[in-house]
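Here is what Swiss-Prot records for this protein:
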BINDING   GLN34, LEU35, ARG36, CYS37, LYS38, ASN66, SER105, LYS134  4-amino-2-methyl-5-(diphosphooxymethyl)pyrimidine binding site
BINDING   ASP67, ASP86  Mg(2+) binding site
Amino acid sequence: MTFPPLKSPLKFYAVVPTADWVGRMVKAGADTVQLRCKALHGDELKREIARCAAACQGSRTQLFINDHWREAIEAGAYGVHLGQEDMDTADLAAIAAAGLRLGLSTHSVAELDRALSVHPSYIASGAIFPTTTKQMPTAPQGLDKLREYVKQAGGTPVVAIGGIDLNNARAVLATGVSSLAAVRAVTEAANPEAVVKAFQALWDG
């Protein structure tokens with residue numbers, strides 16, 4: 001089982017709750033966006049994911065769908081992001097056969113080993129700093145552990161997530177990760193589009 005490699009580096013990775021937010025991120029020029037939608041189900045969820053795919057079509061933005069792999073395949077999304085618990089229930093072979101990229105969350109050395117065993121397109125490591133976005137199973141990882149995870153991942157791209165903002169972004173990038181993911185730094189910003197551009201400038205200058 002092999003998942004496609006990334007077509008281009010993930011760089012700044014915005015995690016947002018709705019298709020409207022996805023559209024805003026595309027217009028702002030975000031390299032990567034993830035729909036993390038917990039509020040919708042059934043046909044409403046399918047329509048929301050289809051709207052996300054339409055918003056990203058023809059743009060530079062790479063669209064990942066959190067958890068909902070069946071709907072992501074149906075909508076023709078760029079990829080799927082799964083948590084550790086989802087690895088037990090998702091049909092990874094179906095995701096690979098559909099040509100979608102796969103990202104996996106990790107919170108420890110053991111989880112990273114498990115994720116790498118299925119050869120994902122990238123792994124996410126976190127939470128790096130304290131975060132209130134979601135309940136985390138482990139304490140914040142910090143930058144020293146993150147450096148070790150980057151080494152352990154080898155050639156697999158690593159996305160750092162959890163409490164990342166423009167104040168600590170450069171220090172996180174210095175660990176060797178290829179991408180920074182942000183939730184609250186975008187969705188709670190007075191000017192989210194300006195935040196996206198400031199993050200992008202860390203790579204694009």
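In case you wondered, yes, glycine gets a Cβ from its N, Cα and C as well.
In this structure, the binding-site residues under consideration are ARG36, LYS38, and the one with the smallest number of other Cβ atoms within 10 Å of its Cβ is LYS38. Cα of SER105 (4-amino-2-methyl-5-(diphosphooxymethyl)pyrimidine binding site) to Cα of ASP67 (Mg(2+) binding site): a span of 11 Å. Most other Cβ atoms within 10 A: among the binding-site residues LEU35, CYS37, that distinction falls to LEU35. Reduced to three states, the DSSP call for ASP86 (Mg(2+) binding site) is helix. Long-range C-beta contacts of ASP67 (Mg(2+) binding site), restricted to its own chain and to partners at least six residues apart, with a cutoff below 8 Å, comprise ARG36, HIS81, LEU82, GLY83, ASP86.
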